[in-house]
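Novice: Got a structure here, written out as structure tokens. Questions coming.
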Amino acid sequence: MTDYRTQPINQKNADFVEQVADRIEEMQLEGRSLWQDAKRRFFRNKAAVASLIILAFIIIFITVAPWFFPFTYEDTDWNMMSAAPTMEGYHFFGTDASGRDLLVRTAIGGRISLLVGIAGAFISVTIGTIYGAISGYVGGKTDMLMMRFLEILSSFPFMFFVILLVTLFGQNIFLIFIAIGAIAWLGLARIVRGQTLSLKNKEFVEAAIVCGVPRRQIILKHIIPNVLGLVAVYASLEVPGLILFESFLSFLGLGTQEPMSSWGALLSDGAAQMEVSPWLLIFPAFFLCLTLFCFNFIGDGLRDALDPKDR
């Protein structure tokens, strides 16, 4: 026999469960909408999208271009030394004083420069984010000691550090990674620390503390995910600075070693022969400047897309 008194209650329970499910779905959608909104705003930025497309073509060029030519970055064409750009011999960007093809060397140099920029940014972002989050969340004497250590590193003469590494270990591309990674994370660590100081007083962090969640999990699962937007913007703006810095080191002769090259080293060689062989300076400078502009516009687009004031 059916108990009709239970039908309204069961119906209410069903309605309540349905409402809860709808609310959970809405909350999930709201959680995703932050990044979806940022994505939509980014792709509405024409300069950022155009820069992203151009940068993709540059990456494709430096990746596949050397495969389509019958010589490497160190091969010498004795019959085409200091040759201007020509279709003859497939030297579309010309050759240098040693008869080496500039197009292939520009592509290989682009690989080195982009690798230094992206790898250096990854190292600095990883160290800076973790260091800043720990310092800001733990606080107290630990925070004070970590910030004093940061100030000591910031006051250290960076060029002296690079020259010391080169003197002790010789010119090596890995030394550039070490040198850049040793100093580039300092600024981000301060920024992440400031964000962490404001985040650790939020309700969701306090709730995690009340539930007995360990500090490490709070930092990794609650603090760091909430600063990823800031970190992404910082990384996109850090890459061009690191590329430019590597080019500066190579221009001074402290970067890549012959016959390997980078855009900075090519600029140094081109500047020395600018009057007689201007193409040696024009092509590397064009790719370097174009890449720097692309990264800057992409960084500006990310910053605008993730800016909560504009939502």
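Placement of Cβ uses the backbone N, Cα and C atoms for every residue, glycine included.
Because the structure is a prediction, the values reported are computed rather than measured.
As annotated by Swiss-Prot, domain 'ABC transmembrane type-1' applies to 110-299, with the evidence given as sequence analysis. If you look up Swiss-Prot, you'll see 1-48, 135-146, 193-222, 300-311 marked as topological domain 'Cytoplasmic'. According to Swiss-Prot, the feature topological domain 'Periplasmic' maps to 70-113, 244-278, an assignment based on a curator's inference. What Swiss-Prot lists as transmembrane segment is 49-69, 114-134, 147-169, 173-192, 223-243, 279-299.
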Novice: By DSSP, what is the split of the topological domain 'Periplasmic' (70-113) into helix, strand and coil residues?
Specialist: 15 helix, 2 strand, 27 coil
Novice: With an 8 Å cut-off on Cβ pairs and a sequence gap of 6 or more, do the transmembrane segment (279-299) and the transmembrane segment (147-169) reach 3 or more such pairs?
Specialist: no
Novice: In terms of Cβ proximity under 8 Å, which residues at least six beyond the ends of the topological domain 'Periplasmic' (244-278) contact it?
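Specialist: Same-chain contacts beyond the ends: 73-74, 82, 84, 94, 96-97, 100, 102, 105-106, 108-110, 112-113, 116-117, 120, 162-163, 166, 170-173, 176, 179-180, 284-285, 287-288, 292.
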Novice: Check the topological domain 'Periplasmic' (70-113) for me and report the mean pLDDT.
Specialist: 81
